[in-house]
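Down below is the structure, laid out as structure tokens.
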Amino acid sequence: MALAGSETMDQDGHGETYIFRAVRIAAVVALYWFISITMVFLNNYLLDNKDLDAPLFVTFYQCLVTVGLCWLMQLLSRVCPGLIDFPSVKLDVKTSREVLPLSIVFIAMITFNNLCLKHVGVAFYTVGRSLSTVFNVLLSYAILKQTTSLQAVMCCGVILGGFWLGVDQEGVAGSLSWLGVFFGVVASACVSLNAIYTKKVMPAVDGNIWKLSYYNNINACVLFLPLILVFGELEHLAHFSLLTDLKFWGMMTLGGLFGFAIGYVTGLQIKYTSPLTHNVSGTAKACAQTVIAVVYNSSSKSLLWWTSNLLVLCGSSAYTWVKSLEMKKPPSHRDPLDSAKEKLLPGEKGNLGV
């Protein structure tokens with residue numbers, strides 16, 4: 001699918017060969033898989049630390065690293081303008097205030113996302129966080145008054161079936177965390193709200209995803225501070241034995257680095273393939289991620305448990321396929337939100353998640 005429409009070589013020998021493009025696409029997809037899967041396992045490692053129960057602080061630090069990396073990339077783009085292209089970002093209070101509504105949704109999204117991962121683990125994470133597509137449909141109707149085709153709704157039904165079957169099988173296995181499921185559902189809703197609010201505030205940052213990331217994470221750092229105080233995480237940090245351990249801070253910084261990198265490689269994958277291929281790649285990556293987690297933890301899962309994952313993945317892939325067909329319709333026959341999504345830059349379609 002990613003290679004569709006490629007040519008072997010121009011008649012005069014100029015241009016890129018089929019093999020070169022195939023290798024480049026494979027490398028980009030492999031890089032996306034590596035960054036995304038590693039980030040999930042790394043966050044699970046940091047959040048599953050029995051000695052440090054401070055998920056808000058972990059998320060706050062990753063946002064702080066992202067802000068630092070934005071400053072670094074801006075500096076490098078001035079030193080090496082031909083090698084690195086990064087927008088000039090200067091803190092503007094007016095812009096920060098305009099981005100604030102999105103930032104509130106953003107911190108809820110990444111916080112509940114991490115809390116879900118903390119309580120359900122990597123193996124069940126795909127199912128636990130599978131309702132984003134369903135909330136896309138519900139919130140598009142509730143907020144934007146936009147209807148969805150019957151085929152897309154049926155795909156959502158398949159996802160819901162997979163979700164409930166997965167919850168049931170986790171309960172049968174005795175490993176179900178209702179708190180983790182709750183966090184996953186809220187995180188899924190926040191992902192959908194994040195996409196809606198992103199479109200609203202994008203003009204405030206001149207349509208640039210990196211500027212949006214910069215302001216979003218600066219606002220998040222400020223908003224996280226009172227939350228850390230209110231939920232008593234400073235006390236947990238004060239009694240944490242590895243607070244001065246360089247390995248701990250190295251892993252924390254690495255988590256922030258991967259969080260920053262996922263936005264770049266997501267945009268890169270869309271650039272060299274297509275939005276549809278990116279979504280299919282993400283679905284396949286989620287499948288591989290689940291298998292790796294089960295094998296790594298030496299878990300034994302029932303056939304119905306695997307069926308729940310398959311239903312979620314197939315439902316998500318089918319929804320992506322249905323929406324891609326609807327995008328090919330003439331502009332007068334598509335939903336306004338679909339037309340708006342098509343105009344998004346590659347990076348804007350990918351750097352909105354965790």
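Cβ from N, Cα, C; glycine included.
Database features (TrEMBL):
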type     : residues : note
TRANSMEM : 18-42    : transmembrane segment
DOMAIN   : 24-294   : domain 'Sugar phosphate transporter'
TRANSMEM : 54-79    : transmembrane segment
TRANSMEM : 99-117   : transmembrane segment
TRANSMEM : 124-144  : transmembrane segment
TRANSMEM : 150-167  : transmembrane segment
TRANSMEM : 179-197  : transmembrane segment
TRANSMEM : 217-234  : transmembrane segment
TRANSMEM : 246-266  : transmembrane segment
COMPBIAS : 329-346  : compositional bias 'Basic and acidic residues'
REGION   : 329-354  : region 'Disordered'
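With a threshold of 8 Å between CB atoms, the same-chain residues lying at least 6 positions outside the transmembrane segment (124-144) that come near it are 40, 44, 113, 116-117, 152-153, 155-156, 159-160, 162-163, 166-167, 170, 175, 180-181, 183-185, 187-189, 191-193, 195-196, 286-287, 289-290, 293, 308-309, 312-313, 315-316, 319, 335-337. With a threshold of 8 Å between CB atoms, the same-chain residues lying at least 6 positions outside the transmembrane segment (179-197) that come near it are 101-102, 105-106, 108-109, 112-113, 115-116, 118-120, 124-125, 128-132, 134-136, 138-140, 143-144, 167, 352-353.
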